[in-house]
Amino acid sequence: MKAVGILGSPRKYGNASKMLDAALKELENSGFEVEKVHISSKKINYCTGCGTCLAKGECVQRDDMDELKRLVEESDAVILASPVYYLNVTAQMKTFIDRMLPYGHRPTLKGKYGGSIVVYAGVGKPEEVAGYMNRVLKAWGIVPVGYAVGFGVIPGEVGDEDLKKASQLGSKIAEAFESKYRMEPSDEDLELQKQLLTLIKNYGHLMKADYEFWKEKGFI
């Protein structure tokens, strides 16, 4: 069993990192082999919007995203962690998410479980940011079992109660994996899938990899 934590903070040892460590520690205690990836330490180019990944199934860029995609694919559990920057995830996390586009169009990460960790400085709605990352996980095919929100302005300020919430998230992910928990699609999920399939049907000549994926599954 493997678990990977994706840290979207530019700070390697900040509050989001501490909370992610707490969640990963709980997964490790449950028998998972864990790994944490600090996005800012990796070379990840912006998505250029060329569409090659949708047409041919593979990105034309060669950078550290190859390694990160492999880690996610090989993991049974995935946690996304980000501080709130201007009401949303950091630029680093958004760049990572943008480069994961093929998994949103072709959700091949089914059978995995995950969740989100958000740290904020008291401004905004961190639950909405966590909800966004969990919706991203769900779009990839991963079952999001929850999230943990913490408060911190100064690095290391996040408190014991918030660290406990992160640990509980790790425990919840481990339990979901063990029980093979299934999540029924919501009305929003079904509507998003309907919109995606309409897009792919209309532009199948540009999204050949997507078209063939869904055709094989009998949706087109």
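Positions of Cβ are set from backbone N, Cα and C atoms, glycine also.
So that you can see what the record holds, here are the features copied from Swiss-Prot:
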- CYS47, CYS50, CYS53, CYS59: [4Fe-4S] cluster binding site (BINDING)
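Recorded features from Swiss-Prot, shown on the structure.
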residue	record	DSSP class
CYS47	[4Fe-4S] cluster binding site	coil
CYS53	[4Fe-4S] cluster binding site	helix
CYS59	[4Fe-4S] cluster binding site	coil
Spatial neighbours, same chain, of CYS50 ([4Fe-4S] cluster binding site) - Cβ under 8 Å, 6+ residues apart: VAL60
Neighbours of CYS47, CYS50, CYS53, CYS59 excl. site residues, C-beta within 8 Å of centre, [4Fe-4S] cluster: THR48, GLY49, GLY51, THR52, LEU54, VAL60, GLN61, ARG99, LEU101, PRO102
Protein Cβ atoms within 10 Å of CYS53 ([4Fe-4S] cluster binding site), excluding its own: 22
Cβ-Cβ distance under 8 Å to CYS47 ([4Fe-4S] cluster binding site), same chain, at least six residues away: THR95, ASP98, ARG99, LEU101
